[in-house]
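Report on the following structure.
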Amino acid sequence: MQISALKWVLILGLSAGLSTPVAARSVKRWHDKMPPAPGAPRSIGAYTSGCIQGAQALPSTGPGFQTIRRSRQRFFGHPSLIQYIRELGHIMDTENLGILSIGDLGQARGGPMPSAHLSHQTGLDVDMWFWLQPKSRPMTPAERETAQPPSMIANGRLALHPKRWTSRQMRLMEAAASFESVERIFVTPTIKQALCKAFPGAAWLRKVRPWWGHRAHLHVRLRCPHGDPACVSQPPPPEGTGCDATLAWWFTDEARRPSGGKSKPVPMPEACQAVLAQ
C-alpha cells in the first residue's frame, strides 16, 4: 500500500473519530440533560454514529479513579465500560500507582456531542489521563472542574517527557490493554513507539493504535458487548504488534500534513430516535 493510500485508510477507514468537532448535525437534543433511556443496556450503531439505552453513570470517585469536569454530563457508559474503569482503577489502587483521572465517557443516551468528539456515542469509549494523581493528594471537586492534563511529549513530537513518562505510565498502558474487552487504545505515535521498545513482542500492543493528538490522554474503546446485535464493531486491528513500517509512517512529513478532506456524517440508526424519544 502506498503511503498516500495508507493515510486515507487511516482517516476514512479506521475512523477513530477523535477530537473532531461535530458539524452539520443537530446535537442539542442529545446534549440536553436527561436521564439514561430505560430498558436493558444496548449499544446501538457505530462508535461515531449511535446511541445507548440503559446507560449507567460512573461515580464521581472510586478506588483508584476520579472523574474530571463532571459538569459536562459525559460520565455515562455501557455497564461493561463502567466495570472496566472500576477494575482498572482497582489495579491502580492495589499497586499504588496513583489515581486515574477519567475524562469523557458519553452522554446519558449517547449520540453526538457539541464539542471534542465524533466518537463516544455508544457508551463504549472513555478518555483517561496518562498522568496519575498521587493517592495522598486527590483533587477536590472544584479542582477537577478546571484541571488540565500534562502532555507526555517533550521537544515537539519526537521525545517523551523524562519526568512525566515513567514506569507507572507504562504499567497503566499494559494494564489498560490487557483486558479482553478492549478493542483499541489510541495514543500519540511517540508513546506507541516507546511501548514497542519497552514490551517487544507483547500481544496487547496490537490494540494500541497511533493517532493524532493523544499526548496527554489515552482513549480506550471497548468491543461491542456479547449478545448486542445492534452494536456495530470496527474491523479488528491488523495482525501483529503494529511495531513496523505502519508505525514509522507516523513520523514522516506526510503524516504531519493536513489531509485536505473531511469525512461525511453517517446517518444515525433509526432505533436511536426511539431512544431519544423515551
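The count begins at 1 with the first shown residue.
Placed from the backbone N, Cα and C atoms, the Cβ positions cover glycine too.
Positions annotated as signal peptide by TrEMBL: 1-24.
Around the Cβ of Cys51 (disulfide bond), a 10 Å sphere holds 29 further Cβ atoms from the protein chains shown. Per TrEMBL, disulfide bond is recorded for Cys51-Cys272 (among others).
Residues annotated as disulfide bond in TrEMBL: Cys196-Cys243 (among others). Around Cys196 (disulfide bond), the same-chain residues at least 6 positions away in sequence with a Cβ under 8 Å from its Cβ are Leu205, Thr241, Gly242, Cys243, Leu247.
Summarising the annotation, TrEMBL assigns disulfide bond to Cys224-Cys231 (among others). Cys224 (disulfide bond) falls outside any helix or strand according to DSSP and counts as coil.
Neighbour counts of Cβ atoms within 10 Å were compared across the disulfide-bonded residues Cys231, Cys272; the minimum falls on Cys231.
If you measure from the Cα atom of Cys51 (disulfide bond) to that of Cys231 (disulfide bond), you get 9 Å.
Counting only same-chain residues six or more apart in sequence, the Cβ atoms lying under 8 angstroms from the Cβ of Cys224 (disulfide bond) belong to Ser43, Leu124, Cys231, Val232, Ser233.
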